[in-house]
Amino acid sequence: MSVTTWNLNGTKHHVLICNGSSCMRKGGEEATQAIRNKVAELNLDEAVHTTRTCNGRCKDAPVAIVYPSGDWYKQVTEKVAHRIVEEHLAGGCSLKESLIYEYDQKGFVSPENSDSIEGIDKVKSNA
C-alpha cells in the first residue's frame, strides 16, 4: 500500500472538508469536489491543501474549515464552496454569513447574529 506524503512548503491555506456520515448525506462529497475543482480551475493547487475529515459539527453539515484564519463554514453547498475558494482563499475575505466560528487570537468565537447551534461543551463539569 502506498502512502502519500505531501510537501506543504509554500502552502498558504489548509481546508478541512467534513466527509463524516452526516456531512456526506447532506452534500459533503459535492462540496469537496466543488472546492477542489475551483482550486484547480484558479491554479491555486500550490497554495491550497485540502483534507477530508470529520469536524464534529453534524448539525451544520457539511462543514469546511479554512486555516490559518480559523474560519469554520456551515452548510457548504457547491455555490458556497466556490465562493470560499474565490472570495476567501483567492481574495482574502471571509464569507461572514456562512461562518459558525472565527478565530480571534483568544480562541474560536461565534460571529454576532449567528444562527448556528451552540453544541455540546467539550469540558465536562464535575457535578
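Yeah, the Cβs are placed from backbone N, Cα and C, and that goes for glycine too.
Since the structure is predicted, the reported quantities are computational estimates derived from the model, not experimental observations.
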Among Cys23, Cys93, which residue does Swiss-Prot name as a further [2Fe-2S] cluster binder in the site formed by Cys54, Cys58? Cys23
Cβ within 8 Å of the [2Fe-2S] cluster site's Cβ centroid: which residues qualify beyond Cys23, Cys54, Cys58? Cys18, Asn19, Gly20, Ser21, Ser22, Met24, Gly28, Asn55, Gly56, Arg57, Ala61, Pro62, Val63
Most Cβ neighbours inside 10 Å, all chains, among the binding-site residues Cys23, Cys54, Cys58: Cys23
